[in-house]
Amino acid sequence: MGKGRLIVLTGPSGVGKGTLLRSLLQRHPDLYVSVSVTTRAPRAGEVDGQNYYFVTRPQFERMVAQGELLEWAEFAGNCYGTPRKAVEEKIQQGKWVILEIELDGARQIRKTFPSALRMFILPPSLSELENRIRGRAQDSEDAITRRLTHAREEVSAADEFDIQIVNDNFEEALGKIEVALFKPAAAIC
Ligand SMILES: Nc1ncnc2c1ncn2[C@@H]1O[C@H](COP(=O)(O)OP(=O)(O)OP(=O)(O)O)[C@@H](O)[C@H]1O
Ligand SMILES: Nc1nc2c(ncn2[C@@H]2O[C@H](COP(=O)(O)O)[C@@H](O)[C@H]2O)c(=O)[nH]1
């Protein structure tokens with residue numbers, strides 16, 4: 001059995017993290033992507049237990065109080081958190097576990113799992129980021145404004161991460177994530 005590992009993927013909402021991860025999983029089905037808990041309402045097509053575990057705020061607060069979340073944060077009016085049990089079990093089993101989380105959560109993981117590999121995905125520009133969020137057509141105008149406001153703060157924190165990857169050309173960005181994950185450290189520049 002291989003050695004378990006924790007990998008954090010962060011970047012502003014709409015930069016393409018979820019899309020990159022879906023392609024990465026198709027190519028590397030042995031990776032495990034943690035399913036987060038959120039108080040956000042499901043978007044069209046989102047499935048409970050697959051995209052997220054959708055919970056009420058009291059349920060979320062109970063999970064926090066009982067120490068069930070590895071990290072959690074409030075983002076654009078909703079709460080998001082990583083269920084501890086599944087992640088710890090998968091790492092124990094030797095799996096490589098990926099967390100797709102925002103900046104506050106990534107900072108928490110840096111303290112609790114200093115050996116985690118932390119990658120930050122950047123948009124080619126903020127205007128392209130806005131195009132992608134709008135193009136996704138899943139968020140209200142209010143939610144879009146809040147996400148773009150957060151994006152500025154998040155992008156300015158990119159240097160806190162081990163690796164920064166610009167998601168301009170999708171295949172190139174995906175290739176860089178693969179290099180960061182699978183190639184020896186000397187190959188990463
Ligand atoms: N390289 C790319 N070029 C153009 N469009 C892209 C690229 N990567 C992703 N997209 C598109 O950008 C939109 C947002 O992508 P996605 O939902 O994966 O972002 P996200 O970072 O996971 O957002 P959130 O954090 O809000 O869940 C999608 O419509 C996706 O198809
Ligand atoms: N700190 C955490 N952030 C998380 C988690 N799951 C998702 N996220 C991040 O929230 C925003 C918004 O997501 P959306 O699905 O509403 O667009 C995005 O940046 C996600 O990466 C989590 O468990 N903890």
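Heads up, the Cβ atoms here are built off N, Cα and C, so glycines get one too.
Curation plays no part in TrEMBL annotations; they are all automatic predictions.
Marked as ATP binding site by TrEMBL: G11, P12, S13, G14, V15, G16, K17, G18. Reduced to three states, the DSSP call for G14 (ATP binding site) is coil.
Look at TrEMBL and you will find 4-182 tagged as domain 'Guanylate kinase-like'.
Across the domain 'Guanylate kinase-like' (4-182), the model assigns an average pLDDT of 96. Listed in sequence order, K17, F120, I121, L122, P123, E154, N167 are the same-chain residues six or more apart from G11 (ATP binding site) with CB atoms under 8 A from its CB. Counting Cβ atoms from all protein chains shown, V15 (ATP binding site) has 27 others lying within 10 Å of its own Cβ. Neighbour density for G16 (ATP binding site): within 10 A of its CB lie 20 other CB atoms from the protein chains shown.
Cβ proximity to the ATP site centre (mean Cβ of G11, P12, S13, G14, V15, G16, K17, G18, cutoff 8 Å) flags the following additional same-chain residues: I121, P123, L129, R132, N167.
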